[in-house]
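Student: Swiss-Prot feature annotations, pasted as is:
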type	residues	note
BINDING	G10, P11, A12, G13, A14, G15, K16, S17, T18	ATP binding site
Amino acid sequence: MGNLVIAVDGPAGAGKSTIAKIVAKKLNINYIDTGAMYRAVTYKCLKSGIDVNNEKEVIQIAENSDIDFKDNNIYLDKEVINEEIRTIEVSNNVSNVAKIKEVRQLMVEVQRKIGMKNSVILDGRDIGSYVFPDADYKFFLVATPEERGNRRYKELCNKGYNTTLEEVIEDIIRRDEIDSNREFAPLVKANDALEIDTTGKTIEEVVEEVVSKINL
């Protein structure tokens, strides 16, 4: 059997990363968090004092960044940045970086190279619709903004961030708007993707639903 490619798409907070990680372990295949790649570029921009709305400078940062995945870690220029890319500041700015066409093209190139070498499950916004339109399996996870906001809020509180549920939900809705309306490779459900509403479901229930659809 050749390499297996599984695409998991959906808006912020729908549970893509959590579900994809567990499915990857169950199927013993590699997991690629494509959103983390855009977060890495965003983090580097913020760390370098670059305005994320300055497309030219953001593209330069992306071109000069070495992003890699190994043993469930994401590396930026040879350093592990798992926690650094999960801050509120990065979350609030990542959609502005991810909407830049040239940045997406650079990241997609890396994603496709990884997918050609190994069996993978990738999660993101445009995996099934653009990065791997011929993926073997495509899933599109959704949930209400309130449910997604609640999940993100709990996650941030556990990390010690001082924010409100209202602010988190507002940010989720704002990111949906940017992701869905960007010109290049927007957040969209592929025609042949299976939509799963994760609202009110446990992680185990969603994982079981995904795994049950995959024939190895």
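Placed from the backbone N, Cα and C atoms, the Cβ positions cover glycine too.
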Student: Would you count the other C-beta atoms found within 10 angstroms of the C-beta of A14 (ATP binding site) for me?
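Tutor: There are 26 such Cβ atoms around A14 (ATP binding site).
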Student: May I have the list of same-chain residues other than G10, P11, A12, G13, A14, G15, K16, S17, T18 whose Cβ is within 8 Å of the Cβ centroid of the recorded ATP site, in sequence order?
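Tutor: For the ATP site, the extra neighbours are I19, D123, L141, A143, R148, T198.
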Student: Could you tell me which three-state DSSP class A12 (ATP binding site) falls into?
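Tutor: The residue in question, A12 (ATP binding site), is coil (DSSP, three-state).
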Student: So among the binding-site residues A12, T18, who's got the most Cβ atoms within 10 Å?
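Tutor: The largest 10 Å Cβ neighbour count belongs to A12.
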